Amino acid sequence: MKPVFCGNFEYDAREGDLERLFRKYGKVERVDMKAGFAFVYMEDERDAEDAIRALDRFEFGRKGRRLRVEWTKSERGGDKRSGGGSRRSSSSMRPSKTLFVINFDADNTRTRDLEKHFEPYGKIVNVRIRRNFAFIQYEAQEDATRALDASNNSKLMDKVISVEYAVKDDDARGNGHSPERRRDRSPERRRRSPSPYKRERGSPDYGRGASPVAAYRKERTSPDYGRRRSPSPYKKSRRGSPEYGRDRRGNDSPRRRERVASPTKYSRSPNNKRERMSPNHSPFKKESPRNGVGEVESPIERRERSRSSPENGQVESPGSIGRRDSDGGYDGAESPMQKSRSPRSPPADE
């Protein structure tokens with residue numbers, strides 16, 4: 001009977017799951033479970049052909065892996081016509097004190113069941129069950145060899161078990177490895193190893209090479225960028241420079257300068273209050289500094305009055321202020337303008 005190879009399923013897959021999967025296409029005699037793959041023995045080869053055609057590339061398990069199902073290249077142990085196939089493959093490996101046991105009932109088999117099955121061949125030091133396989137460690141290597149020859153392809157709880165040497169002897173910490181795990185590092189295992197892209201992502205060189213987004217963030221948090229965000233000297237001079245305030249006062253209109261510079265703005269006299277409340281109050285008439293008596297003429301009013309004067313803008317000088325005589329003249333000294341206008345010829349005799 002030629003077994004069917006089934007691979008690429010999950011490591012925690014159970015023998016019963018594979019058996020139920022292949023049972024849809026014919027009677028399954030047994031399933032020889034390994035680490036990550038298995039050999040399925042079917043009673044009729046035509047049923048095995050149907051299973052290969054239907055299940056190859058079939059999604060199986062929780063992760064939906066695609067199974068690899070095909071004929072094996074050589075017959076394995078358990079073949080009734082050549083029952084020593086598995087024994088020959090085990091004897092070709094380096095003998096050790098630890099045996100690798102598979103294809104038992106992982107749901108119901110306990111450590112005590114394995115001890116009972118292997119105790120007749122020598123003193124057992126340690127028994128460990130890992131999911132669907134187990135390790136049996138003997139005290140002497142000769143006892144392990146005797147147990148291998150006697151128990152391979154034997155029945156344990158109605159299951160035909162497969163026994164081989166472990167790749168590495170168990171030590172005090174129990175670090176035995178299955179022989180199929182070492183074979184599993186062949187091309188089938190390498191295909192499942194991390195891709196070069198992932199290795200590149202985890203390498204120190206990739207960590208030093210920043211992405212464009214990281215470079216942008218680095219630029220934003222750099223000290224140079226922080227200094228550019230600090231207040232500029234220009235803004236400081238605008239906020240705290242007294243020259244800037246004087247420039248603003250210089251740019252104001254003459255009316256605003258008159259209002260700001262006039263001491264009557266802060267006057268609290270009743271006359272000032274009444275004048276401000278008066279509807280006839282002009283913003284250009286300011287009180288004189290003589291206790292609010294009289295009005296000070298603004299430059300604009302003076303200019304308007306000079307334009308409307310019959311003397312064409314010729315006004316009296318401050319030095320000519322005095323009492324007017326009865327004929328409209330002045331009692332004081334004449335201004336230079338009046339002297340220029342006075343007739344230079346002597347008065348005519350009457």
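Heads up, the Cβ atoms here are built off N, Cα and C, so glycines get one too.
Swiss-Prot has this to say about the protein:
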- 2-74: domain 'RRM 1' (DOMAIN)
- 73-94: region 'Disordered' (REGION)
- 73-82: compositional bias 'Basic and acidic residues' (COMPBIAS)
- 97-168: domain 'RRM 2' (DOMAIN)
- 167-350: region 'Disordered' (REGION)
- 167-187: compositional bias 'Basic and acidic residues' (COMPBIAS)
- S193: phosphoserine (MOD_RES)
- S195: phosphoserine (MOD_RES)
- S211: phosphoserine (MOD_RES)
- 216-227: compositional bias 'Basic and acidic residues' (COMPBIAS)
- 240-255: compositional bias 'Basic and acidic residues' (COMPBIAS)
- S241: phosphoserine (MOD_RES)
- S262: phosphoserine (MOD_RES)
- 272-289: compositional bias 'Basic and acidic residues' (COMPBIAS)
- S278: phosphoserine (MOD_RES)
- S298: phosphoserine (MOD_RES)
- 299-308: compositional bias 'Basic and acidic residues' (COMPBIAS)
- S308: phosphoserine (MOD_RES)
- S335: phosphoserine (MOD_RES)
- S340: phosphoserine (MOD_RES)
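Across the compositional bias 'Basic and acidic residues' (299-308), DSSP classifies residues as 10 helix, 0 strand, 0 coil. With DSSP states grouped into helix (H, G, I), strand (E, B) and coil, the domain 'RRM 2' (97-168) comes out at 22 helix, 25 strand, 25 coil. For the domain 'RRM 2' (97-168), the model gives a mean pLDDT of 88. Secondary structure counts, DSSP: the domain 'RRM 1' (2-74) has 22 helix, 24 strand, 27 coil.
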